[in-house]
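K.L.:
Here's a structure for you.
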Amino acid sequence: LISLVGSLLERRSCRDPWWRGGKKMSGAALVAIAASIGNLLQGWDNATIAGAVLYIKKEFQLENNPTVEGLIVAMSLIGATIITTFSGPVSDWVGRRPMLILSSLLYFLSGLIMLWSPNVYVLLLARLVDGFGIGLAVTLVPLYISETAPSEIRGRLNTLPQFSGSGGMFLSYCMVFGMSLLPSPDWRIMLGVLSVPSLFFFVLTVFYLPESPRWLVSKGRMAEAKKVLQRLRGREDVSG
């Protein structure tokens, strides 16, 4: 919240603010907002499991098995830790955009598996896959935003992942609270709903997000980098 207020105050002094139609800012800002949905999904998942685990342990009779209960919650963190150890080098090799697409697919797949989960072992697998998606998103979204944003608003746009992550947690808590008021709350639906926003994230990563211009330049693909920068900056001359 402090970062957001500071950004709003700083924008008052900008000569070409994107919210007043400045093309230089608007393209990069919209791309950053779209990319930060990956962090919204991370916040959504982290909050959902906190409420759903109450019903999970009741169905699978885990009241006397705190180890498995803890694993269900922690498995996504384990998956995220594993994948972040090599997500950076792999993204340097294949690009930022393909890794964000993979993150959205992992979110979607894990949501479907959690919705199905016939036993605790399948649920643990789903949480691990979910953690892979989380690890890619929290690592690459800030990097992607940094490489696509103009230096004038780079810091401001990099507050979006934290803001969207907190927003995802808030929305998820509201959903879990509403479902907990039902006569028979279903934890599978609580967790499986993740596949809906992750499908939206997939569409954005495939059809809207461009590749990082900095990554394209690092691979010598100058013509492609120029086209992306022209779109992000809203002007023809991007030689600088």
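Just so you know, glycine gets a Cβ as well, placed from its N, Cα and C.
As the structure is a computational prediction, the values presented were derived from the model and not from experiment.
From TrEMBL, for reference:
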- 31-240: domain 'Major facilitator superfamily (MFS) profile' (DOMAIN)
- 28-56: transmembrane segment (TRANSMEM)
- 68-87: transmembrane segment (TRANSMEM)
- 99-117: transmembrane segment (TRANSMEM)
- 124-145: transmembrane segment (TRANSMEM)
- 165-182: transmembrane segment (TRANSMEM)
- 189-209: transmembrane segment (TRANSMEM)
K.L.:
What is the average pLDDT across the domain 'Major facilitator superfamily (MFS) profile' (31-240)?
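P.N.:
Here the predicted model's pLDDT, averaged over the domain 'Major facilitator superfamily (MFS) profile' (31-240), is 95.
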K.L.:
Does the structure show the transmembrane segment (68-87) and the transmembrane segment (189-209) touching, where I'm treating 3 or more Cβ pairs under 8 angstroms (sequence separation 6 or more) as a contact?
P.N.:
no
K.L.:
Is the transmembrane segment (165-182) in contact with the transmembrane segment (99-117), using at least 3 Cβ pairs under 8 Å (sequence separation of 6 or more) as the test?
P.N.:
no
K.L.:
Mind checking which residues reach the transmembrane segment (124-145)? Cβ under 8 Å, same chain, six or more beyond either end.
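P.N.:
Sequence-remote neighbours of the transmembrane segment (124-145) are 31-32, 35-36, 38-39, 41-42, 45, 49, 71-72, 75-84, 87-88, 91, 96-97, 99-100, 102-107, 109-111, 113-114, 117, 154, 157-158, 160-161, 191, 194, 198, 209, 212.
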